[in-house]
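Right, one structure below, let's go through it.
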Amino acid sequence: MSFLQALSIFLLLLLYVVVGSAEQCGRQAGGALCPGGLCCSQFGWCGSTADYCTVPGCQSQCSGSGPAPGPGGLTNLISRETFNQMLLHRNDGACPARGFYTYDAFIAAARSFPAFATTGDQATRKREIAAFLAQTSHETTGGAGWAAPDGPYAWGYCYNRELNPPSSYCASDPNYPCAPGKQYFGRGPMQLSWNYNYGQCGRAIGVDLLNNPDLLSSDPTISFKSAFWFWMTPQSPKPSCHNVIIGAWSPSSSDRAAGRVPGYGVITNIINGGLECGKGWNAQVEDRIGFYKRYCDILGVSYGNNLDCYNQSPFGNGVSVDSM
């Protein structure tokens, strides 16, 4: 064997080792989730043992039970009729997104996130559904600022695009550069914004959202997937919304000193704490709580403790969304 042949084989083997050792999930892999409901370890690897699933440390899908139940469990927790009752006026003629957000798209998107509403007892699972739909209802509400029929908390999911975006939400980022002519304003149930969020989300769900950001307002299943991705994915120093609502997040001493304790209020802090938390009472936080209480009542579960973030300091840098 010649020297050049030996060198070529060595380089191929080296490439194989480097590529084969790439992390599989979490912040090391652009927010990707493990397949089959497996836990993502703090180092970005997928597995089902305590080394992968122990909290703190585990990044996502931290149930510790390996593959989670399929979406059939979700349909047993929230039926089509209940979904329609909760999002009562989403298809009203006054809502620009009427006809877009469907129950079928919600269930289909959940198949990509099998840990959603499958962890803990039935009350915990229903509470996660209520919290997810409440936060996203606030982001897409059509019931604020007027005497809405059936009250403001029956008007979630009225919008799928940000109103009058102040910019294109394009930041300099070598990993997720903006595509020419594309804008990354809020879209979908969670009103995902900024190119780096579109890039991370797209990588995790297998869709090129940097070049096709409008998919979040034209394809309802992909739109719901973007919201589930945000919900399930921790972005340091923030835990995931999922881990908070199922009780898998343990606040650090710094968190407690900042007033960040387990409960629905921390989820608001994760989503939009920089604008809404640590400022005392405000209408935005109250609106999020109002949706949550209504949905918990419909599902027949208690609210839990610490619903607001009025006295919580915001988290540091990480993924966030801008409210409409």
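Positions of Cβ are set from backbone N, Cα and C atoms, glycine also.
Summarising the annotation, Swiss-Prot assigns active site, proton donor to E139 and lists similarity to another entry as the type of evidence. For E139 (active site, proton donor), the Cβ neighbour count at a 10 Å cut-off comes to 25, with all displayed protein chains included.
Sequence annotations record features per position, and here Swiss-Prot assigns disulfide bond to C25-C40 (among others) based on sequence analysis. Counting every protein chain shown, the Cβ of C25 (disulfide bond) has 27 other Cβ atoms within 10 Å.
The disulfide bond annotation in Swiss-Prot covers C34-C46 (among others) and rests on sequence analysis. Within 10 Å of the C-beta atom of C46 (disulfide bond) sit 22 other C-beta atoms, taking all shown protein chains into account. DSSP assigns C46 (disulfide bond) to a strand in the three-state reduction.
Positions annotated as disulfide bond by Swiss-Prot, on the basis of sequence analysis: C39-C53 (among others).
Residues or ranges marked as disulfide bond in Swiss-Prot (evidence: sequence analysis): C58-C62 (among others).
The 10 Å shell around the Cβ of C158 (disulfide bond) contains 25 further Cβ atoms across the protein chains shown. The feature disulfide bond is assigned by Swiss-Prot to C95-C158 (among others).
Secondary structure at C178 (disulfide bond), as computed by DSSP, is coil. What Swiss-Prot records for C170-C178 (among others) is disulfide bond, and it gives sequence analysis as the kind of evidence.
The disulfide bond annotation in Swiss-Prot covers C277-C309 (among others). In the three-state DSSP classification, C309 (disulfide bond) falls within coil. The local packing around C309 (disulfide bond), expressed as other Cβ atoms within 10 Å of its Cβ over all shown chains, amounts to 30.
Swiss-Prot lists 23-64 with the feature domain 'Chitin-binding type-1', giving sequence analysis as the kind of evidence.
Here Swiss-Prot flags 1-22 as signal peptide, drawing on similarity to another entry.
Of all the disulfide-bonded residues listed (C40, C170), C170 has the fewest other CB atoms within 10 A of its CB.
All chains included, 26 other C-beta atoms sit within 10 angstroms of the C-beta of C62 (disulfide bond). If you take the Cα of E139 (active site, proton donor) and the Cα of C25 (disulfide bond), they are about 27 angstrom apart, rounded to a whole number. Same-chain residues at least 6 positions away in sequence with a Cβ under 8 Å from that of C34 (disulfide bond) are, in sequence order, Q24, C25, C40, C46, G47, S60, Q61. Comparing C-alpha positions, C309 (disulfide bond) sits nearest to C62 among the disulfide-bonded residues C53, C62, C170. For the pair C62 (disulfide bond) and C95 (disulfide bond), the Cα-Cα distance reads 37 Å.
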